[in-house]
Amino acid sequence: MELKEMTSSSLITFDITSTKKEEVIWELTEALYQEGALSSKEDYYQAVLEREKVSATGMESGLAIPHGKSDAVKEAKFAVGRLQNPVEDWESIDPNNKVELVFLLAIPNTESGSTHLNLLAELSTRLMDQDYYQRLMQANSAQEFITALDQTSDQPSTEPQEYDKTVLVVTACAAGIAHTYMAAEAMEQAGRKKGIKVASEKQGANGLEDEHSSSVIKEADAVVFATDIAPKEKERFAGLPYVQVRVADPLSNGEEILDRALNNPDGTVQEGEASSDSASSSQKKQGVLAEMGQAILTGISYMIPVIVAAGLMMGIAKLGSMPFGLVNDINDAERFANHSNELFVILHHLDKFGYMIFQFMYPIFAAFTAYALADRVGIVSGFIGGIFAAGIHYRFWGIEDGVASGFFGALILGLAAGYISKFLNEKIKLNKNFQAMKPMLIIPAISVLSIFLLNFYIVDPVFGGMNIALRNFIESAQSSGEIALSTVIAAATAFDLGGPINKAAGAIAIGLASDDIFPLTARVLSIVIPPIGLGLATVLDRYLVGRRVFSPDLRVTGQTSILLGFIAISEGAIPFMLRNPIITIPINILGAIIGSTTAVLLGAKQWLPLPAFWGWPLVEGSILAYLLGLAVGALFIAVSNVFIRFALIKRNRITI
């Protein structure tokens, strides 16, 4: 297979008149879409723009190689544009670069290790050859350009047979294609010029290529990490002097980087050092907020399977007990823990098992949020922070009415654990003989103690006080009228999806219903409206705005959220809330208020604490009014989320 098979004459344009980077990229994206290489040009375009934020894709001599890796790419392809008017402000490794030739690479997420990606890597390497580049620039037609793509001139090796020094190089970029291979080639060229042996390991879309063996590492004099993401298995190079640079830096400063590595390194790779010890340049460029956002996304991705597993276990138990009329009683330990009917015993313990799994939702989230920031040394303190957030500590301390800090606590404590562990790992320097004590003793001890103090003096008191204040507010609303009280209960129920504020609202609402004062209509509807609404949003987005506005993992979560919503498990929607709380929480509250007050105004009344679908036939007054309220609230949440996210994506305020 040759490079010409990855493009076509319709993907090569010589008459682009745009003078702005974004317009050029969009024009080439449109060409890829018309060629059938993309399922969604908007999703791919967004992926390219996100990659542009990481590091410069402009090179030198008028060249730029923007690229995007996305599920929207059906097949690896590239489009080429030769510009009539150079783009002078394209971020480039050469500050004076005026872009005239643009290669736009489309890389699918699912094609790692394929022939297509190997060829894209080969193209990136070939473009480092000035003769090759000039032949492409001099082509007079698309067909001449395609022919020149596979014309290479093999140059005889001028490498000396013996070297005084050996420098290892590790390259990696976000997409794992262009810069990864170009940086490796640039460092090898610099090594040949200086008489230094340079061996490059590429950590790209094809995984680890030309991996440095232990014997090679043992003989090396230094290592260069040219990466925009954290290098993998950095601890292999323990004891070697190192330099950390951006992946684009070798393209203009290869010889200088080699000199730094051998004569003035940034430091020595420590034994047990994690990949995240040296913050990547992309993180530095994006700032702390972007770094925290990425850590939260990591925590969510590990938390989602916990939520799904817990919900399914409880769902099976509830559905299994439904034919016996025991949906709300199956969790009664006195009746069913040792029942004579073995089926009831299994269903009881399965329901408890699901509840138990839910208790580890926040510990898993906080642990892997910390892990994303500090690598392995952050897991323990993050997990402990999540235990505090889930309120598990109150059971061991004998406090029956303790209020868990919920998802707010998990966010704060998970991030704090990560940054504390990261700081300790970077700042504590020990003799090589005592290095193992750092990750095994010192960091866990200090970070866990810090999390304990943070939770004891700040997190628990603040969110406990918030819960008490809200509980008092709900109680004071009892005399404010039917709609006002329904509004307050709906808002509190939808606020944190099963968290402490939700539970406070539930305790008061159930108390009012048990005394025949006020029905549970607003309460039960507000449990199911948010998860169903958010799940519907992941289904309706492409029909409402013509594209996806949720990431693939949230689309999977959305399907689960709908299912869990029907069986009254609102926690299935928590990943949406954690990822975009400023968007999700207000919409959830408004949707719950609109839906529940609609049902109340139309005469629906539910006195039983049965929010799941099996309780709907027991609604008094009008079941149609109840279902209409549910539909109105869920659709409000779905439509609002889709259009707000779509608007923010168009403005590059959020990404998927």
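Cβ coordinates come from backbone N, Cα and C, glycine included.
TrEMBL labels come from automatic prediction, so no person has curated them.
Per TrEMBL, domain 'PTS EIIA type-2' is recorded for 5-152.
Summarising the annotation, TrEMBL assigns domain 'PTS EIIB type-2' to 165-263. Counted with DSSP, the domain 'PTS EIIB type-2' (165-263) comes out as 41 helix, 29 strand, 29 coil.
Summarising the annotation, TrEMBL assigns region 'Disordered' to 262-283.
As annotated by TrEMBL, domain 'PTS EIIC type-2' applies to 292-646.
What TrEMBL lists as transmembrane segment is 295-317 (among others).
Here TrEMBL flags 353-373 (among others) as transmembrane segment.
Sequence annotations record features per position, and here TrEMBL assigns transmembrane segment to 380-397 (among others). Only residues 6 or more beyond the boundaries of the transmembrane segment (380-397), in the same chain, are considered here, and those with a CB under 8 A from a CB of the stretch are 359-371, 403-410, 412-414, 416-418, 420-421, 444, 447-448, 450-452, 455, 459-460, 500.
Summarising the annotation, TrEMBL assigns transmembrane segment to 403-420 (among others).
Positions annotated as transmembrane segment by TrEMBL: 441-459 (among others). Outside the transmembrane segment (441-459) by six or more residues, the chain places 377-378, 380-381, 384-385, 388-389, 405, 409, 412-413, 416-417, 420-421, 424-425, 428 with a CB less than 8 A from a CB of the stretch.
Within the chain, the transmembrane segment (520-540) has long-range Cβ neighbours (under 8 A, six or more residues past its boundaries) at 485-487, 489-491, 493-494, 497, 505-506, 509-510, 513, 549-550, 554-555, 557-566, 568-570, 572-573, 576, 584, 588, 591-592, 595-597, 599-600, 604-612, 615, 619, 626, 629-630, 633-639, 641-642. The transmembrane segment feature in TrEMBL is assigned to 520-540 (among others).
Per TrEMBL, the feature transmembrane segment maps to 560-578 (among others).
Sequence-distant contacts of the transmembrane segment (585-603) (same chain, at least 6 residues past either end, Cβ-Cβ under 8 Å): 482-483, 486-487, 489-491, 493-497, 521-522, 525-526, 529-530, 533-534, 573, 577, 621-622, 625-626, 628-634, 636-637, 640-641, 644. According to TrEMBL, the feature transmembrane segment maps to 585-603 (among others).
Sequence annotations record features per position, and here TrEMBL assigns transmembrane segment to 623-644 (among others).
Residues 276, 291, 294-296, 298-303, 306-307, 309-315, 317, 331, 379-387, 389-390, 392, 406-407, 409-411, 413-415, 417-419, 421-422, 571, 574, 578 of the same chain lie 6 or more positions beyond the ends of the transmembrane segment (353-373) yet place their CB under 8 Å from a CB of it. Taking the domain 'PTS EIIA type-2' (5-152) as a whole, pLDDT averages 85 in the prediction. Away from its own ends, the transmembrane segment (403-420) comes close to residues 292, 295-296, 299, 362, 365-367, 369-374, 378, 381-382, 384-386, 388-391, 394, 446-447, 450-451, 454-455, 459-460, 462-464, 467-468, 496-497, 499-501, 574, 577-578 of its chain (Cβ-Cβ under 8 Å, at least six residues beyond either end). Summarised by DSSP class, the composition of the domain 'PTS EIIA type-2' (5-152) is 63 helix, 36 strand, 49 coil.
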